[in-house]
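Q: Quick paste of what TrEMBL says about this protein:
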type	residues	note
DOMAIN	116-190	domain 'Cation-transporting P-type ATPase N-terminal'
TRANSMEM	173-192	transmembrane segment
TRANSMEM	198-218	transmembrane segment
TRANSMEM	355-377	transmembrane segment
TRANSMEM	397-426	transmembrane segment
TRANSMEM	818-840	transmembrane segment
TRANSMEM	846-864	transmembrane segment
TRANSMEM	885-907	transmembrane segment
TRANSMEM	919-937	transmembrane segment
TRANSMEM	958-983	transmembrane segment
TRANSMEM	989-1009	transmembrane segment
Amino acid sequence: MERLESYLKEHFDVPAKNPSEEAQRRWRSAVGLVKNRRRRFRMVPDLDRRSQDEAQRQSIQEKIRLALVVQKAAITFIDGAKHKDYRITEDIIKAGFSINPDELASITSKHYVKALKMHGGADGISKKIRSSFDHGISSSDLDTRQNIYGVNRYVEKPSRSFWMFVWDALQDMTLIILMVCALVSAVVGLASEGWPKGMYDGLGIILSILLVVMVTAISDYRQSLQFKELDNEKKKIFIHVTRDGSRQKISIYDLAVGDIVHLSIGDQVPADGLYIHGYSLLIDESSLSGESDPVYISQDKPFILAGTKVQDGSAKMMVTAVGMRTEWGRLMSTLSEGGEDETPLQVKLNGVATIIGKIGLMFATLTFVVLMVRFLIEKGLTVGLSKWYSTDALTIVNYFATAVTIIVVAVPEGLPLAVTLSLAFAMKKLMNDKALVRHLSACETMGSAGTICTDKTGTLTTNHMVVDKIWISEVSKSVTSNSSLEDLTSAISPVTLSLLLQGIFENTSAEVVNEKDGKQTVLGTPTERAIFEFGLKLEGLDAEDRTCTKVKVEPFNSVKKKMAVLVSLQNGVYRWFTKGASEIIVQMCDMVIDGDGNSVPLSEARRKNILDTINSFASDALRTLCLAYKEVDDFNDDADSPTSGFTLISIFGIKDPLRPGVKDAVKACMSAGIIVRMVTGDNINTAKAIAKECGILTDGDVAIEGSEFRSKSPEEMRDIIPKIRVMARSLPLDKHTLVTNLRGMFREVVAVTGDGTNDAPALHEADIGLAMGIAGTEVAKESADVIVLDDNFTTIINVARWGRAVYINIQKFVQFQLTVNIVALVINFVSACITGSAPLTAVQLLWVNMIMDTLGALALATEPPNDDMMKRPPVGRGESFITKVMWRNIIGQSLYQLVVLGVLMFAGEQFLNIKGADSKSVINTLIFNSFVFCQVFNEINSREMEKINVFRGMVTNWIFIAIIAVTVVFQVVIIEFLGTFASTVPLNWQLWLLSVGLGSVSLIVGAILKCIPVTKSNEPPASQNGYAPLPSGPDDI
């Protein structure tokens, strides 16, 4: 066992995330004896093809980069023509447009400034494509627009048909050899025994092969459909556009030329377009051109390309080209998908299959040699070796077919494929439970997660925020009702109220938009929406101060933890408004507005009072934000907002209630040995209050601020990290450092959540990156392994449950299959050595192979998770996959089956008093029938590797019940009606009862085996004397 494990670690060990090419090539070269390379490696990427794709991508990116850097010179380089004559066809004129689609696309893709000016700039282009900056396009002419200018899709490789999977299944080398044997058998049989008797053996093998091929192809095809569906879900990206005069959220595939797209930080640009209006728009073009320096977009440089990402700022963009008319579309269509990286379990089970396959090949060869030696000795002693008959050829062909079929059974081709089946099933179920798994290995790895570093806002809390309290003019007030709002307006001066409202409405990323039904709604982040709606309630929409003009905007940044806006007042003075993390804004202030509405110096006493108020709000689990302003006479376009000299206006206390079910989910994590750590940008008191409420922070645990954590030395970090449960006021870099140290210092399997663009490095570094589906940016989602579609912490726990289910289900399947392997190999080999014949024929072994391979995988690898899975510690890095518990069950069941079948083989006729000419056929049929029923009951046994009660939850698992039922029914049909093809004879009811009885004893054997204590690798013996304690309740049985 230890040698097996060390061999697997040496040759078949790859990391779950970002494996090196060297590791990937190492295990591929170590795989030997593959029956069907096309099927086995269908879900494994072709590394040579991937390298070619990467080289091709870099070549195209270099061309695009040259086009962007050396615009005019590059036009000739890319298109081979300096000038093109674009005609406006009859179709374009008839549709009401006045610019050729290719010309429009080339203006943006080639940054053709001269052509843009010739058409009247963005404004002129909008008229020619019948679009409006304020109204957008009309949905009524969407089809016409897409017919002329194209749809926003690129050409993809067509899906594989069902018959391609049938063809793949037929590539199995052993099945091809068996088909040849079957044809030889049929030809020899017809020559020696005539029609139709001579056809039966060969035809039986052919029909069995066709059945195996069809069942395999159906299973593989269904898997491919599931992966296709999941792949389509991954590509679903929604964006905000102005269309029909209202703000709408649409799929990128519904985007059309002329649409007005709203871009914000973290968005992926869905199409080529022209910049209309925005603030500090910074575009990362590295994915398209390979250029790492971001590009500043403005009215002078208005070209925005599809596939690039918004690094900073926000803007409106008018779409000018979609789909295959964009450089991104052409780039994506030239590249294949590249294939999903293999998962650690797939690789490990390829190793197990290789080892067992080599053993099986040795046994098959020995079986054939022994059978041939015995045959030749018997023939030499009876008729001599000089005389040969057609029946001798038939016997040799049958021996060879039996040996090949032993290889079919012995090489567990289904082991690595069962992982894919189980993962596909789990990913489909998780999709229904609001978790989109982007990478196969994430589902598998999540089952081993020992730490979850989670955000607070929107993950542990509801993200439905309202302003609960406000501190202004040196007084703190609750603002939850209309009467309290009236009290507030009467308590503060008109000047203070005007400043407050101006700060709310000008310094915000929220906006009021018109919906399709004519209603107005507020769009923006939950925090921005809460403050904006508070402003609307305070004075109504008419109170928005339009006597100032926005000059400069600095969007919220998770590093700076603040946002700012510069407005120009009517008197020529400029005013900065800034809003953000309370401690940071207070530190920037040296003045405050007092009760009379005057700006007064921020004395130490006042500062202490303000900090006490912030802590008071935070202790009530409220998020705190401060609003401040500063007036300046002049400003520098290139300079950032000031960092001092501000006057504090107000402190907002925003309520964000805990999500229902979070407490139970955290409790479930603790019982499962998973440590939950909250990493948030919020105030430490707010974070501690929420963490205590949901059970993350308990006595003896540590809550720390990001700044303090950053200042720790590596030795201090080693001491404190195991105790940290809350990290507040953290930067994205702090999250990355925590994740790196947990993985490096403590060998933890770490899952981390993130939603912002700056979370991408931590999501990439973690074993499992979990991006938020609602609050998450496209950049974060692209770096993540799983997208939590409802942003709910409970969903994350569900991913962990399914991850554990996948791991345990594959262990069950391996235990079941290895038992069948051992018994089939030993029984045929021993029988060949002693009796000169194999009791299980080629057709019978093919049926057994289908039971233990495709059907067994379907039955055991698709078991849903149960609550018990979350009551055991996670599997650590480097732990053995085939555990001592599994070896105990495999060896015990194999010994029982070998004893039963051995007794039937060598003493069955005597014990059961079976006489007559067909007694040998009856015994062989009984052996086959008993063997199959032993596997049926062992399949039930394998549902629980440690607990005696194997029937718990079986009734609700209709897939398992259906497969057991199909196996039993088909076994009856084979025995009673297909004996001619399967070399069986009908059995009487007593022998049927005996077969089922011998099989069912496996349940009793399984229960006895589970009472034998086995020391697990990750825990000490149950007691000093080595005996396991008695079960304490029904759940432990």
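Glycine too: its Cβ is placed from the backbone N, Cα and C atoms.
TrEMBL labels come from automatic prediction, so no person has curated them.
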Q: Restricting to CB pairs under 8 Å, which listed stretch, 173-192, 355-377, 846-864, 885-907, 989-1009, is in contact most with the transmembrane segment (919-937)?
A: 989-1009
Q: Same chain only, please: residues at least 6 beyond the ends of the transmembrane segment (173-192) with a C-beta under 8 Å from a C-beta of the stretch. Say none if there are none.
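A: Cβ under 8 Å, 6 or more out: 35-36, 198-203, 205-206, 209, 212-213, 389-391, 393-394, 397-398, 400-401, 404-405, 407-408, 411, 842, 846.
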Q: In the domain 'Cation-transporting P-type ATPase N-terminal' (116-190), how many residues does DSSP call helix, how many strand, and how many coil?
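A: Each residue of the domain 'Cation-transporting P-type ATPase N-terminal' (116-190) counted once, the result is 48 helix, 3 strand, 24 coil.
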Q: Applying the under-8 angstroms CB criterion, which one of 397-426, 818-840, 958-983 scores highest with the transmembrane segment (885-907)?
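A: Answer, by Cβ pair count: 818-840.
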Q: For the transmembrane segment (397-426), name the stretch out of 818-840, 958-983, 989-1009 with the most CB-CB pairs under 8 Å.
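A: By the under-8 Å Cβ criterion, the transmembrane segment (397-426) pairs most with 818-840.
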Q: Mark yes when the transmembrane segment (846-864) and the transmembrane segment (198-218) have three or more Cβ pairs under 8 Å (sequence separation 6 or more) and no when they do not.
A: yes
Q: For the domain 'Cation-transporting P-type ATPase N-terminal' (116-190), what is the mean per-residue pLDDT, to the nearest integer?
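A: Taking every residue of the domain 'Cation-transporting P-type ATPase N-terminal' (116-190) together, the mean pLDDT is 85.
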